[in-house]
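This report concerns only the one structure given below.
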Amino acid sequence: MDQDYRARLVYPFSGAISPHADIVDQATLAWAAMFGLLTDSLRHKSRRLQYGLLAARAYPRADREMLQIAADWIAWLFFMDDQCDETGIGRDLQRMIALHERFLAILDGATPEAHDCALTYALADLRRRLALRAPDNWLRRFSEHVRLYFTANRWETVNRQRGATPNVATYCAARLFSGAVYACFDLIELAEQIELPFYARHHSIVQQLEQAANNIICWCNDVLSYPKEMQHGDRHNLVLVIQGEHQCSLPEAIDRALDLHAREVATFVRKRTCVPYFDAAVNTALEKYVTGLQFWICANRDWSLTATRYAPTHKSQEMVMAVAQQ
């Protein structure tokens, strides 16, 4: 199957990259090593994945210190995902719940204890650094978004235990939270040095923009990563749930997913012109925030197209070819 479908992942706005990209990427690996997050199997892979470069594209206007926090947070998410896979926690609901509850306690200000894992100590360091730059209400919102991310992880685990594949509507509703995108959007305010008032952040148009941006990011990711999910027998992917629900071929499922993605891009562009006027200061902040959403959309695509994390292996390519020919 050719890769021409990737050319349909287009946006009517451009991304950017921080001048601190390379040094932040190197520092993130050093941070991960310091906290013992780099297992032997992850050490070589992490050098190639360049999580710091994803942060540098997602928050290109952040100062050096804030960009480092963002890069370390993004790396922490990936390391947690990888270590849950390696240790089997990703398929053990009770162990997952216990781990998540401990992480949430850390985000609420708890101190790591001797029995805690390396991820817990690393998260405590992130929380400490965030607390130096963010107000309490921001920390509470961030923690809530992480909690919703964990809840979506548990939902996926239950599905795997039952051998269940969700329908498209249910999957899309959960996908809004399973990628931790809202928690990453929270960092836009810190990166742009803005603070949106409650009434602006919770305005329906702003929330619709956030949801559209979230969908665009997650669905783009799904289109690019479906070979990896196929290889691992994981049906939590937009392409694969479309294929299952509609009993269609893999190329048709990809085409349908790309159509959904394109419609969501159109929704984002349309809603962007509908942002209401509050006052000069608030709308200046909103303009920076919406631009931050656009940076994240482009960052996700550009990094995913070059990162080895979603590059299909020889085995997954063979599986895709076999399914496509059925």
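From the backbone N, Cα and C atoms, a Cβ is placed for every residue, glycine too.
If you look up Swiss-Prot, you'll see Asp81, Asp85 marked as Mg(2+) 1 binding site. As annotated by Swiss-Prot, Mg(2+) 2 binding site applies to Asp85, with the evidence given as similarity to another entry. Per Swiss-Prot, substrate binding site is recorded for Arg175, Lys228, Arg309, Tyr310, and the stated evidence type is similarity to another entry. Look at Swiss-Prot and you will find Asn221, Ser225, Glu229 tagged as Mg(2+) 3 binding site, backed by similarity to another entry. According to Swiss-Prot, the motif 'DDXXD motif' annotation covers 81-85. The feature site 'Plays a critical role in the stabilization of intermediate cation' is assigned by Swiss-Prot to Phe78. Annotation comment: Swiss-Prot describes Asp82, Glu156 as site 'Plays a critical role for substrate recognition', evidence class similarity to another entry. Sequence annotations record features per position, and here Swiss-Prot assigns site 'Plays a critical role for abstraction of the pyrophosphate group' to Gly179.
Annotated features taken from Swiss-Prot, shown on the structure.
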residue	record	contacts (Cβ under 8 Å, 6+ apart)
Asp81	Mg(2+) 1 binding site	Gly90
Asp85	Mg(2+) 1 binding site	none
Glu156	site 'Plays a critical role for substrate recognition'	Ala174, Ser178, His236
Arg175	substrate binding site	Ala152, Asn215, Cys218, Trp219, Asp222, Leu238
Gly179	site 'Plays a critical role for abstraction of the pyrophosphate group'	Tyr149, Asn214, Ile217, Cys218, Asn221
Glu229	Mg(2+) 3 binding site	Arg235, His236, Asn237, Leu240
Which residue counts does DSSP give the motif 'DDXXD motif' (81-85) for helix, strand and coil?
5 helix, 0 strand, 0 coil
How many Å separate the Cα atoms of Ser225 (Mg(2+) 3 binding site) and Phe78 (site 'Plays a critical role in the stabilization of intermediate cation')?
14
What kind of secondary structure is Gly179 (site 'Plays a critical role for abstraction of the pyrophosphate group') part of, going by DSSP in three states?
coil
Mind checking which of Asp82, Lys228 has the fewest other CB atoms within 10 A of its CB? They're the recorded positions.
Lys228
